[in-house]
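Quick look at what TrEMBL lists:
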ACT_SITE  50  active site, proton donor
BINDING   112  substrate binding site
DOMAIN    18-292  domain 'NADP-dependent oxidoreductase'
SITE      79  site 'Lowers pKa of active site Tyr'
């Protein structure tokens, strides 16, 4: 099943359902991308930080050279990592990604986080206490570096990820090109309704990562709640003869939010995009919205990177949205 699309503020069509590749292990992500393309996916979400872009690229290029899909039919997203926030280093990170993916251009390039880390070869540079070391580079400088890339043939669209409302407003006031997307953690425990409304009013599409609540996250505790096991979600799924995952994905699609569930399991990859043959009732949407816990529902909070990160002036989660 092909995904429906939404129009970005620069006129480009953006598939509402894509394949996420965060935490997709090497050795498995190659097969996952192949299965996804066969299943009708055209949007693949990548990042320098995930460390698996070469394998993603191998699958993409085999699909293109094998005639399964044309490059222009694909929508490939990647993200600038935190150690490349200086304006003159932005292009370096992009070139590493393009080489790994074996592609000439990206459809969308995002700033992964608004705060930068200390430059160097380590993705997570740390001090002797194990705390991640940061830089004070302004995300506006970084964003201007993304704007520079639009003048080349290497990037078609630019956007941000994990940015809060104040940070987006500043970019809209002080930069030249409106971001097309803000990619953020979004699921019923953290439904981001205020941020979604804020972005919609400014013609910015929200992409939801971890839409199933990231059940495979390494730091999950045994007693953490699980969205996929919530009785109400399971009850709604049964009503539509769908899986809990399909209900959670459809929830985002109905809000006009793009969604990038990650899976390396063939059956789940296929079922995750099969969400365009039913609609949730307003009552069911309201029931799913009732799970919201605001910031308490946040899973990707960066707290494990230490107090230097959490206390950074550009840390995005210190305001309500």
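Placed from the backbone N, Cα and C atoms, the Cβ positions cover glycine too.
Predicted automatically and left uncurated, TrEMBL annotations should be read as such.
Remember, predicted model here, so these are calculated numbers, not experimental data.
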Practice item. Measure from the Cβ of residue 112 (substrate binding site) and count the other Cβ atoms within 10 Å, all protein chains considered. Key: 21
Review point. According to DSSP, which of helix, strand or coil covers residue 112 (substrate binding site)?
Key: coil
